[in-house]
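Taking it in order: structure first as structure tokens, then the write-up.
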Amino acid sequence: MSKFSFNIHHQHKKARSGIIVTAHGEMRTPAFMPVGTRGTVKAMLPESVAETGADILLGNTYHLMLQPTAERIVQLGGLHKFMNWDKPILTDSGGFQVMSLSKLCKITEEGVSFSSHINGDKYMLTPERSTEIQYLLGSTITMAFDECTPYPATFEEAKTSMQLTTRWANRSRNAFVKREGYAQFGIIQGSVYEELREQSAKDLVELDFEGYAIGGLAVGEGQELMFKVLDYAPEFLPQNKPRYLMGVGKPVDIIGAVSRGIDMFDCVIPTRSGRNGQAFTKYGTVNIRNSKYADDNKPLEHDCLCPACRNYSKAYLHHLVRIGEILGSMLMTWHNLTYFQNLMSRIRAYIKLGKDFDFDS
């Protein structure tokens, strides 16, 4: 089994491209991770996701602990076997979903107590329990338990939240079972305050995580403020470890973040947009519901090799989406995931050539 490692092969200014080696194979960076919240990427077969070029998927601790439960998944051979995916899987810690989805959520030093959004059952999620669940799932990359600081937050509010995340990171690290080829990432917080981001990074770097995530962005602060934070935050992190920007997925944001030193991304945008009839293309977004596509016999993109573009016209996709056929969601999602993986491939090629990004989609 391979050791977990990050090898930077090319660098252009702050942008890096390389390979992350894991127990479940290699992943190319910069990488985009399709979101498989409940053990599936919506409207896609796992093998179809792999065909788009994805090297890694994201799963969600909160949803999987509720249904079908981590204990059931481990009895069935682990998440990889359960969902028929043999490449790396990253699982988030569940904290964000607990705080955003559950009813009567209460945050204490111990963790977060909450009621299930499904049936109202009461749970307690702590750093130790979150780490245990991710271990049971067999996650290739485990995320430390954190509090995602809401925006806007005053300096003092952000400081209190960041310090709690640091204490939880210590407990997450102590609970993590180290195995060859597996990793745990710490999550730096601090909202839009440079002083807090620097302190958070300093504290977490001392815990020697295998990689680091920048959390608490894309929560309403806007692109300008997000990029301002990314102008300095990655510089506080080790050069030789992966950097993951959580929940960011607009193409222009990915390109801007890569140019600021980010290596990994996840977002529901390509899948959710596909199910809602929106396609991403090199020429901008296409709302396939628009009546102007009803008689359009051309593909979404002429040079895209996904099944939607190879075999079907915009008129057919328009028809499927307008009448609510499942195939419409499948084809639109397949196209969008292909687009995002092609975008990452293009980004990696530009870094290898030492070229500035001259595209924004």
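Quick reminder: no glycine exception, Cβ is built from N, Cα and C everywhere.
Cβ neighbour count for D92 (active site, proton acceptor) (all protein chains, 10 Å cutoff from its Cβ): 30. Residues or ranges marked as active site, proton acceptor in Swiss-Prot: D92.
Residues annotated as substrate binding site in Swiss-Prot: D92, S93, G94, G95, F96, D146, Q189, G216. There are 22 other CB atoms within 10 A of the CB of F96 (substrate binding site), with all protein chains counted. DSSP classifies F96 (substrate binding site) as helix under the three-state reduction.
Residues annotated as region 'RNA binding' in Swiss-Prot, with sequence analysis given as evidence: 247-253 (among others). Tertiary proximity for the region 'RNA binding' (247-253) is limited to same-chain residues at least six positions away from its ends with a CB under 8 Å from its CB atoms, namely 32, 96, 217-219, 223, 226, 265-270, 280, 340, 343, 360-361.
Around D266 (active site, nucleophile), a 10 Å sphere centred on its CB holds 23 further CB atoms from the protein chains shown. Feature annotation from Swiss-Prot assigns active site, nucleophile to D266; the stated evidence is sequence analysis.
Restricting the average to the region 'RNA binding' (271-275) gives a pLDDT of 99. Residues or ranges marked as region 'RNA binding' by Swiss-Prot on the basis of sequence analysis: 271-275 (among others).
According to its DSSP assignment, C304 (Zn(2+) binding site) is coil. For C304 (Zn(2+) binding site), the Cβ neighbour count at a 10 Å cut-off comes to 18, with all displayed protein chains included. Look at Swiss-Prot and you will find C304, C306, C309, H335 tagged as Zn(2+) binding site.
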Using a Cβ cut-off under 8 Å and a sequence separation of 6 or more, which residues in the same chain sit near G95 (substrate binding site)? Y62, V112, L125, S130, F145, D146, E147, C148
CA-CA within 10 A of G216 (substrate binding site), subset of recorded positions D92, D266, C304, H335 in residue order, equals none
Reading the DSSP string in three states, the entry for Q189 (substrate binding site) is coil
Relative to the Cβ position of G94 (substrate binding site), how many further Cβ atoms are located within 10 Å? 25
For substrate, whose listed binding residues are D92, S93, G94, G95, F96, D146, Q189, G216, the greatest C-alpha pairwise distance in Å: 16
Select the closest residue to F96 (substrate binding site) from the following recorded positions, measuring between CA atoms: D266, C304, C306, C309, H335. D266
Spatially, which candidate from the recorded positions D92, G94, Q189 is nearest to C304 (Zn(2+) binding site), comparing Cα atoms? D92
